[in-house]
Amino acid sequence: MSTTETQISSLRYKGDHLLLLDQQQLPHHTVYINVTTIEQVWDCIKKLNVRGAPAIGIAAAFGIVLWAKSHTSLSFVEFKEQLNCQAAFLSTSRPTAVNLFWALDRITASVANVRETKEAVERIEQEALLIQKEDEEICRKIGENGLTLLSDGDRLMTHCNAGGIATAKYGTALAPLYLAKEKGWNLSVYANETRPVFQGARLTAWELKQAGVDVTLITDNMAAHTLKTKQVSAVIVGCDRVAANGDTANKIGTFGLALQAKALGIPFYVASPLSTIDLHTPTGDDIPIEERPAEEITHVQGVPIAPKGVKVFNPAFDVTPHEYITAIITEKGIARGNYKKALAKLKK
Ligand SMILES: CSC[C@@H](O)[C@@H](O)C(=O)COP(=O)(O)O
């Protein structure tokens, strides 16, 4: 079995239901949730059963498919009206990752020239399947482009999980590691645990370990020390939304990591599908930052660790200003320097 074949898919579409890998139960249990309704998809996105910007978009697209397939008896006018309401409903599940809105826009646009419900349902299904298939190809290309910035033997650091289970396959920030393995290169990576809900410890360490990639887990507060003392060649992270000027929202803690990398003269790379680049958001200040429940901080895996009733601030993401980003790796090429110009050109 090749390395990439060992990757477990985050979502399997089965015609009348979806199998969503329950990322809340990893690494202890590899279970799929049987999803039959759009409401369940909303819930799975909200509760992080499915997470990671591209995977959220793909799940939302299939959420609309499930709804459409159970509303074939609607007149086309009613279908279209309700379709827009269903897309608006799913878009309330999480605010930061732009792939959610991007995928829903693609799905609604796919029926623009259709005049009949049956055909609309077929188009929506085709579009969702295409979004999933394209994401796999895009991630592979990001991996190939990412490898041009790296050399055999490099040690990397990553944050959160921007791996295969956050996408259709390969991941974004982790794609170069999978492709390096295929090439017989020896890349290794430090994975930050990523408080508060441990996507690094539970997901990144798990998926890389099972694919045979050399991964070492550290806690978030070990990052600066590790960067300084372990000859880390580069930091590579994913992203949830890149603004037109290159400012990038990613999992909370990413900005701190970028500051550390800059102070130590270590390149800081963002791996981003073009779908995550949002030219309608001018700067990082315009990116909505999700705040999540206090229990994610006051409890660890259900066990309380803080005084009851303590005040909590729990932003799920932060914004790394573009000046701390060495390069943004996309499927079409690598952007550097004047991000406003470079990203606009790549998005054309
Ligand atoms: C390829 S996934 C990129 C990002 O979505 C990822 O780094 C991240 O921040 C995910 O946050 P999450 O809250 O787990 O959805």
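Backbone N, Cα and C define each Cβ position, glycine as well.
Keep in mind that this is a model prediction, so the values were computed, not measured.
As annotated by TrEMBL, substrate binding site applies to ARG51, GLY52, ALA53, ARG94, GLN199, ASN250, LYS251. Classification of ARG94 (substrate binding site) by DSSP places it in coil, neither helical nor stranded. Within 10 Å of the C-beta of ARG94 (substrate binding site) there are 21 other C-beta atoms, taking all protein chains into account.
Tertiary neighbourhood of the coiled coil (107-134): same-chain residues 11, 13, 57-58, 60-62, 64-65, 68-69, 71-76, 79-80, 83-84, 87, 168, selected by CB-CB distance under 8 Å and a gap of 6+ residues from either end. Annotation comment: TrEMBL describes 107-134 as coiled coil.
Proximity of CYS160 (site 'Transition state stabilizer') to non-local residues of its own chain (separation of 6 or more, Cβ distance below 8 Å) is seen for ASN192, THR194, GLN199, GLY200, THR204, VAL237, GLY238, ASN250, LYS251, GLY253, THR254, given in sequence order. According to TrEMBL, the feature site 'Transition state stabilizer' maps to CYS160.
A sphere of 10 angstroms centred on the C-beta of ASP240 (active site, proton donor) encloses 31 other C-beta atoms. Residues or ranges marked as active site, proton donor in TrEMBL: ASP240.
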Remaining residues near the recorded substrate site, that is with C-beta within 8 Å of the centroid of the site residues ARG51, GLY52, ALA53, ARG94, GLN199, ASN250, LYS251: ILE56, ALA97, CYS160, ASN161, ALA162, ALA166, GLY238, ASP240, ALA316, PHE317
For ALA53 (substrate binding site): intrachain residues, at least 6 apart, with Cβ closer than 8 Å: ALA97, VAL98, ASN99, LEU100, ALA166, GLY238, CYS239, ASP240, ARG241, THR276
Predicted model, mean pLDDT over the coiled coil (107-134): 98
Packing count at LYS251 (substrate binding site) (other Cβ atoms within 10 Å of its Cβ): 27
Under 8 Å by Cβ from ARG51 (substrate binding site), counting only residues of that chain that are 6 or more apart: GLN23, ILE45, ASN161, ALA166, GLN199
